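Feature annotations, courtesy of TrEMBL:
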type	residues	note
DOMAIN	B:70-282	domain 'ABC transmembrane type-1'
TRANSMEM	B:12-29	transmembrane segment
TRANSMEM	B:70-95	transmembrane segment
TRANSMEM	B:107-128	transmembrane segment
TRANSMEM	B:155-183	transmembrane segment
TRANSMEM	B:204-222	transmembrane segment
TRANSMEM	B:264-283	transmembrane segment
Amino acid sequence: MADINIRRVEKSYGDTRVVHGVDLDIRDGEFVVILGPSGCGKSTLLRMIAGLEAISGGEIAIGGRVVNDLEPRQRGCAMVFQNYALYPHMSVAENIGYALKIAGIGKAERRARVQSVATAIGLEDYLDRRPGQLSGGQRQRVAMGRAMIREPKVFLFDEPLSNLDAKLRVQMRLEIRHLHQRLAATSVFVTHDQIEAMTLADRMVVMNQGNIEQVGAPSDVYDRPASTFVASFIGSPPMNLLPGRMTESGQHVELADGQHVPIPTALAQGRAGRPVTLGIRPEDIRHGPAAGGSGLTAKFDFLEELGMGRLFHGTLGGQDIIMHATDKTPPVFGTAVDIAFDPSRLHLFDVETGKRLAGESGRADKEQWSGYRATA
Amino acid sequence: MRRAYFKNNWIAAALVAPQLLIIFVFFYWPTAQALYWAFTLEQPWGGGNQWVGLENFQAIVEDEYYWNSVMVSIIFAFFSTLLSMGMALVLAIAADRQLNGYKFYRVGLIWPYAVAAPAVGLAFRFIFNPSAGLLSHLNQIWPGIWDPIMNGDHALAMVIFAGAWKQVAYNFIFFLAGLQAIPRSLTEASAMDGAGVLRRVRDIQLPLLAPTAFFLLVINITDSFTDSFGIVDTMTAGGPARATDLMVFKIYEDGFRGLDYSGAAAQSIILMLLVMVLTFFQFRYIERRVHYT
Ligand SMILES: Nc1ncnc2c1ncn2[C@@H]1O[C@H](COP(=O)(O)OP(=O)(O)OP(=O)(O)O)[C@@H](O)[C@H]1O
Ligand SMILES: [Mg+2]
């Protein structure tokens, strides 16, 4: 059993606090992805789990044992580094087998195990080469092999794919997923690439400035972002966020230019007359007057053709908005055109805290909606 | 690759000239002069000389004092290089690990290099003085255990230590720079692989420091043959009984005290050749083992 329990963990460098009391429970065998913008403390958190960075406050337990004061080697984790960190003076075989050598495992067994790992990662023919003589993708594989060979309880990945080209990245992503299915080791994967996060994660953790913003399955995080930060960080193009005010009746949000967006009554609860931020994803907007009379008008300036749809860029209520349209309505630019929001896909956020107020979106509703959900 | 070049060759020549002049005046000319003197018999007070072919060299080879001085120089070079590189490496590893007080000795360790050799020698003469220095306390407990004035081995050890101490600073800087050039993630990866501190030093840091160590080896050995005059001159003046009579010191003694310019010139030619041969062998047999990728 290798679940990881992180309790109020903090990290400070001198007077600067970079991780602020993080709580997170990772179950045995789970694949968790930590996602966040650059500098938010993802690597720091991962390195505290690994034991490469001292923990300034709180507690980390692996498999029920508090590891705060344990050396990296006593924690049973293996790590894949962003720059691979292969030993330049050792051959591929020596790199992969290094952990076994330190563990005092005999030459014959070491050879056999290195061989089988090399076969698994497709590098049998390169065992005698030095890392300097390998391509980026091959180095990446060696780094994976080096982590695999110890059959660790926990795999830690710090942006292992960010130095690869796009095609190789997709391929390695699949291989990591396969590896996880085969070994079922608890895995923590750090990235700032949301596609990587969405595709790999059982659960994803969104971090911002040393805090966890949201933890959840990728689709939950996408469908019910816990804050405006998550809403605008996940999804490409990001969610449209429009400042507005709840009407006294509680049935509409009034935008800056006076247009009214009808909202389901469930969302209004006690917010009548108060300012709110209204969120709607580009793919949940479409052309044309809505059936229920929820018509809005926006002005579009240009479009981007995606092939599987088009991105219309324009303004609504003085704000830039993006609409992802999948219909073939001929574009009209410069004058007001009718658009409609999918009422079941509206999100409301508190203006001050940015926290989600309400706004459920059911999968069932979504099927009926003619819109189409971009995967990223 | 295209290079910038000067259309007017005389500009290039003018720019290079000062440097060439300096090298010529302070290196080639004296060397040529020494070479010439080595094959002639030079009069001590100037005026006239006589071509003698290899006689000067023959005299040197037959001189047992000369062989003694070669032996002493080799021992000095070996141990002072070993000692200074060893100490510098240990200190650099400690500084690199940012152990307590590393900021202090990172700076403190660089100063000795700025101290002139005779000053080092003088300082150590006091420190090692058998009746008044630091080690004199040992003599109070076990009389005679430390006596560099009478005991040749002690004297040589003292000179070796002083020479090594002076070089430690230089070696330390290079070792520390070399260690800091090793990506941190490599030592971290080996820590994740289960290696303890010493194992990491042995398996990762030392092998990756090999090019630095090789460079320092060449510099240190060359230095200990050619740049140790000041220390010997102030500490032991070659004694007792020629126990610390290094080749450079003997050249000075024979030339400027004994006024045997020709013999001294021949000795310096031999010393130069010896250093060249040593450097050649180091490159030939050691260098090829230290470069990776
Ligand atoms: N040794 C250090 N001293 C001071 N501050 C540091 C140190 N290391 C990291 N930080 C700070 O901690 C914060 C978090 O760093 P961290 O490396 O965890 O970011 P990250 O989320 O991994 O970013 P990236 O995606 O760019 O890798 C950053 O603001 C960084 O400036
Ligand atoms: Mg990082």
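Positions of Cβ are set from backbone N, Cα and C atoms, glycine also.
The transmembrane segment (B:204-222) makes no contact with the transmembrane segment (B:12-29), as judged by fewer than three Cβ pairs under 8 Å among residues 6 or more apart in sequence. Listed as Cβ neighbours of the transmembrane segment (B:155-183) (distance under 8 Å, sequence separation of 6 or more from its ends, same chain) are residues 72, 75-76, 79-81, 83-85, 87-89, 91-93, 95-96, 106, 109-115, 117, 120-121, 124, 128, 148-149, 204-205, 208-209, 211-213, 215-216, 219-220, 223-224, 228, 231-232, 235-236, 239-240, 243-244, 246. For the transmembrane segment (B:70-95), the residues of the chain that approach it from at least six positions outside its boundaries are 102, 105-106, 109, 156, 159-161, 163-172, 174-176, 178-179, 201, 205, 209, 213, 216-217, 220-221, 224-225, 228, 242-248, judged by C-beta separation under 8 angstroms.
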